[in-house]
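Novice: Copying in the features that TrEMBL gives for the protein in this structure:
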ACT_SITE  Cys121  active site
ACT_SITE  His412  active site
ACT_SITE  Asn434  active site
Amino acid sequence: MGAAQSAERPVRRVAIEPPPYTTLDEKFDAVQISHGKISSITRGVSSSRDLSTVSASRVQEYIVDILKDAKNQLSLAALSKNNINAVLERPSTIVADRQVFNVSIPQEIAPVTNQRASGRCWIFAATNVFRIALSKKYRVDKFELSQAYLFFWDKVEKANYFLETTLLTADQDIDSRLVSTLTSSPVGDGGQWDMLVNLVSKYGLVPQSLYPDSFNAKASRPMDSLITTKLRQDALILRALQNKGASVSDIAEAKQRMMQDIVRILTITLGPPPPADKPFTWEYYDSKKSQRSVTMTPLEFAAPIEVKKYFSLINDPRNEYGQLLTVDLLGNVWQGQPITYVNVDRHILKSACVAMLKAGQPIFFGSDVGKQSDSSYGIMDTDLIDYELGFDIKLGLTKAQRLQTGESAMTHAMVLTAVHLDSDGKPVRWRVENSWSDTVGTDGYFVMSDKWMDEFVYQAVVHPDAVSKDVRDILKQKPKVLPLWDPMGALA
């Protein structure tokens, strides 16, 4: 809205002398910080501008002040020459986190697996869960499923999924956030539970002895890089065909040639997998050292798992509890089962995990494994590393704030096999089967404190019998759709 125009008055012009020349650092030094207040003391320099950039002289003052404290001098001597996390670990926490549990699954199957230099933790965690049921059926105590088999088919399906999403989003700018996110990692090694459901439901499972890891399964980065480059090139071709109005058949033929190229790369780098639709013969020794043999298809072999019965609970305090969530355009099998999460309070998630373990079932779970953890000791505990002791700083982000700022997300999938409950039935610590070989932790197993679970565990895959009807009914809701770049879209 306009204001009334003021009457004109004569302007008095006053000569202004230019201020004496001063350097930028001298201007910063003209500002004092006292009791939390900033005030300028010379030549009327604006205090808010003085602290908007870095002053070398002021930083030097900070350093001199910091090193007046003998504690900081000790920290400098210790932390400048060593891994800061290792130096600041609390010995009392290491002693307290013992591998002692009063609720556990009946048997942990050997060997401890090793994903090596690949991002296949979700496949390893899932197959470590699946082999428990199959070991009972076939009476074996040492047994491993082929992770490479699921890895092969996941790459094929992700390539197809990416090309389909390329066609779906061809009308959007190539530098839009959605298209940029889709092209950032079209065939990354990571995945989610519902992706496993899609793969096992379509392709089944095979023993590892029938399809062991190739070099590129164990060190997947060069293969992934090649496939990613090829798919980005193909995406530009498909976008151009779609946008110039090419026929459906022309687009389909172009995409078929592209998929053939991807299958060629995968066959040469991973090796040809056992056919998904034909029987295989598996010869093995059972726990009594008797020789056995079975012949069946991969789908028949996977049937005892009943993989479709299980679903994901998550604890995401940014979103309303009691709500079904999904993530836009996140998946591997086109038109397959979508990614779905039942968002619940952490107490419900942990209660379901306890119920699963009491029923003798291991649990696939997703967490941020790099926070407050030590792989040599095999410990995950919020009290493990004392940053305040070393640096005199306090870190107090909540779980929601860590998600909101990108500080945390699901980075790794592992398996829960035991829990220790106190006299009131509340969890104290959890036993975790990892997939980093038996050289880490305690023969490959970790201890996770219950506080760490509260802060850094986001997902647990459970059977419907482990939760109440109210929780099961959440699966009937129309899901809230999160964008592809949401932290819940992270692939473990």
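Each Cβ is built from the backbone N, Cα and C atoms, and glycine gets one as well.
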Novice: Around the C-beta of His412 (active site), how many further C-beta atoms are within 10 angstroms, looking at every protein chain?
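Specialist: Here the count is 22.
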Novice: Expressed to the nearest Å, what is the distance separating Cys121 (active site) and His412 (active site) at their Cα atoms?
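Specialist: For Cys121 (active site) versus His412 (active site), the Cα atoms are 6 Å apart.
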Novice: As a test of the contact definition, list every same-chain residue at least 6 positions from Asn434 (active site) whose Cβ is closer than 8 Å to its Cβ.
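Specialist: Listed in sequence order, they are Val112, Gly378, Met414, Val440, Gly441, Gly444, Tyr445, Phe446.
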Novice: Please give me the CB contact count at 10 A for Cys121 (active site), counting all chains in the structure.
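Specialist: A 10 Å sphere around the Cβ of Cys121 (active site) contains 25 other Cβ atoms.
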